[in-house]
Amino acid sequence: MTQQPSRAGTFGAILRVTSGNFLEQFDFFLFGFYATYIAKTFFPAESEFAALMLTFAVFGSGFLMRPIGAVVLGAYIDRIGRRKGLMITLAIMGCGTLLIALVPGYQTIGLLAPVLVLVGRLLQGFSAGVELGGVSVYLSEIATPGNKGFYTSWQSASQQVAIVVAALIGYGLNVTLGHDEISEWGWRIPFFIGCMIIPLIFVLRRSLQETEAFLQRKHRPDTREIFTTIAKNWRIITAGTLLVAMTTTTFYFITVYTPTYGRTVLNLSARDSLVVTMLVGISNFIWLPIGGAISDRIGRRPVLMGITLLALVTTLPVMNWLTAAPDFTRMTLVLLWFSFFFGMYNGAMVAALTEVMPVYVRTVGFSLAFSLATAIFGGLTPAISTALVQLTGDKSSPGWWLMCAALCGLAATTMLFARLSSGYQTVENKL
């Protein structure tokens, strides 16, 4: 029988399983940062705002595919195994990445260009729908007793490494290439780099071992049974979706949308926006395992409640302070404050979500809740934030969207743990 990774091999297991997360976030961040260049290449329009909104709409379309991927691929992983499923998601994600990198512009192939970019995003979204769930469940099942929050936090921590690497590459391009060169062809270079690392990630994932928890399961549910169980637990899925809303909205605001927000709304330089994003990625990387470890010690609920309340009280004031006199220092401080919210909350939230899902549908349940939240909240954050600024004329208006997500997180935490306290669903760890 395949053995669960030993303590000595834990780091290697975490590295192998989170490598796909790295690729996913690397591509998503690039799409957000180079949105203005992608808009000009694939969506020519008289209005820069219209072209940018079309680009963010395509970006968001990938998130609409996530729930479908969560159900289809999540059911496969729960039935066949974690390792095999994660290999398939990586292959699909790689195809989407390659397509976006290679598609000629609108001037070359006309309407086919935006259509192919859309297909690439849909493929990425389909695979990403289960990537986070599959990785989170894998990490939770290899975690040592009392450390599940710390282990699962590395799912998101790996994404922060991708953000830092992508931002460093972008900064290098801005230093070595001119604006016209980046606009015409330079923005594609990071996407090609993403394509080049796909074979390495395949090699890493091939050496993954199946988790002992999955191998010991005597019952392997069929697809119909999985869907029936999900339907019976729709309240848990709904609460889980709202629970994720806080983390996914904050994350996509401080990473994917921030570079565009800094350049087009606050009129900061591209280099300043990239440096801020790098600092945010590093900050996220630090706070995520801290949040997970603290939740292992004091419970998930105190961390989740405390952070959502803090976000509700402080978000609008700090956004007003930023937009009153926007500069590099203020933007850095505000986004690092939001980074603290994200890291602490997400560190506890991922572990909590794996614990409340019924064991036989843990991957599909987690992935569906996460994907719905990402589609409704996170994926649309750039478009909604852009629209809020355009419609209201208030540069701080995206703060209202962040507060809405925090309110969802607070409500979900209250509802979910009230049900757990009443015995609605048993869990495996201290909540």
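Cβ coordinates come from backbone N, Cα and C, glycine included.
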Swiss-Prot: matching membrane side for Gly20 and Thr260: no
Folded-back contacts onto the transmembrane segment (26-46), same chain, C-beta under 8 angstroms, at least six residues removed: 52, 54-56, 58-59, 93, 96-97, 100, 103, 105-107, 113-114, 117, 121, 124, 128, 162-163, 165-167, 170, 182-183, 187, 190-191, 194, 252, 255-257, 259-260, 263-264, 273-274, 277, 382
Model confidence over the topological domain 'Cytoplasmic' (1-25), averaged pLDDT: 69
Most Cβ pairs under 8 Å with the transmembrane segment (333-353), selected from 162-182, 236-256, 302-322: 236-256
Two-stretch contact, the transmembrane segment (364-384) and the transmembrane segment (302-322), at least three Cβ pairs under 8 Å: no
Most Cβ pairs under 8 Å with the transmembrane segment (109-129), selected from 52-72, 162-182, 184-204, 236-256, 398-418: 52-72
